[in-house]
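Visitor: Take a look at the following structure, please.
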């Protein structure tokens, strides 16, 4: 919606104020408000879920509901009730009497400028205004504990909006703007699926977009820890997860203020395109080359290199960190040659690029793109016609059909994901890791205890968030097929053999927990273990061969890949290294049932410091854990070592050791004193990382052989039946002749 002016008539009768993004009332029209059943009421509803709003309203009207931080509840006040011309009914919009960011009453309809050209009133505090290479931006003060504040710049455009013909294309650099751009509120979320499976349930709503969805969504956010603005601070750039089909930088759980304030780092996050908009691929097509969501991330990293020093950050001290698909994205930038110079270190939480869900080959990517075209009525034309047709489709049409392109029913698989294109990825991730073709630097990575549980309630037989999910043996065996969709019968038998307690094979609780382990080990824990081992092997070998510390920006020259990072950089602790963790603390205020344990994604709130917010009712021990984790993450970003404090000291009593391929040490992160462990599910990961791939390779065509054998056996049986019939007939005739 950005970049338009004035009020439009929105079908059939609601005028939409483009500048303030809410309906224009008071016009002589008979309004028909979208999804009136949700928003129109004679009394104040006790709870409204944003997913319902997004699902019902679509892209036509942006509602502004007052949302309690970190929850799914929307609490209106009497000021939120507005009597409009909708047949005398009350419309729940948020704070129409408040002033918008330009000082006008929300709901007034006057001309607006495009996002990059919006001017704002002069502010007395110069700390809120920063001049970047593209123009001036004005931020906002946000409160943090201890009556302090940080300065946030929310919604800074880093590329041109990918609208119209730019859909599916790599984004174009942002043009400079005049005046002061107001960066005081989060941007639109990129178009994505909204989870409506359990409306109002906080455990789901916290991951749903809390801003209006639009293709004009490529903006970033910056949190600066103090005023007056510091200089040369370490920068931490967050990449959100969501299976490459969802996610938004505006989610409450990604609020960067607490991390910036507590650790005196500059925190950055960006939106990037997801689903078909970010990852639809047609081989050889410049109009839909694929991986444009990853290229969005790279453009944001380039923006950081070009502009972060204006905010007090050091472009030579940039750590990228992310979770799930965000963690996989971080690993992909470690692999991609053109991304390597744009950051210093990397943190991967519950996601790596070699995970089975993280990439597809060109043939499969093309099949999915073509299938999406058929599903939305784009026919059988050539690639140009297909892309033109898809560009003319309403975004919601593409989102509604995206899950139908998957070739099988499965868990932890997503429709449009990065493609091995020979450009962003010179080779597949496994091959690049095996050959050492990646950025040589320090990495911190880890997993949660129950990575698979979250995905089981999305289709695994017998599972539900509303009960104990006690799983029968039959449901377990069906669930294994969904959890390992690429395996043949022999492979599935191997998985069942590994994860069954054969002394108690019909125990429903053990079947449930085994499914959690299967999905988590296969998709998160064991791929991450593989990444850690290969990375540690190559960085360790390089250090042995050269006798020199590894410079975080450079690859080994002997491998012929040249310098891939910033020059003239000294980290203070420039040895390469891997640090591994297992997060196994279940938050005291989690909404999911007890059996789901320490789930995928539930370390994030501790990394971002949410337990520091007293209103959220974390325990004192959880606040301490969060402070400790923020310190580890920030220490690592500053020095490459999570143990090294800002003054250069190391607390030897709770030292986090490096992970090596031989010892495989990792730490447990919980409210207890730190403990060091050896081997992260080493035995079960041997199944996924070594035995099963070889087994499937050997038996890859066994189904075809079996089918051919059945055909031949059927043919042989028919011949035998015919021969026996003839023989019986012959024998009968011979007996008659003898008589």
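Backbone N, Cα and C define each Cβ position, glycine as well.
Quick caveat, the model's predicted, so the values are computed rather than measured.
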Visitor: Can you check which of 28-52, 53-77, 78-102, 103-127 TrEMBL lists as region 'Disordered'?
Guide: 103-127
Visitor: Tell me, how many other CB atoms lie within 10 A of the CB of residue 324 (active site, acyl-ester intermediate), whichever protein chain they belong to?
Guide: 28
Visitor: Let's check the environment of residue 600 (active site, charge relay system): how many other CB atoms sit within 10 Å of its CB?
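Guide: Step by step: centre on the Cβ of residue 600 (active site, charge relay system), count other Cβ atoms within 10 Å, giving 26.
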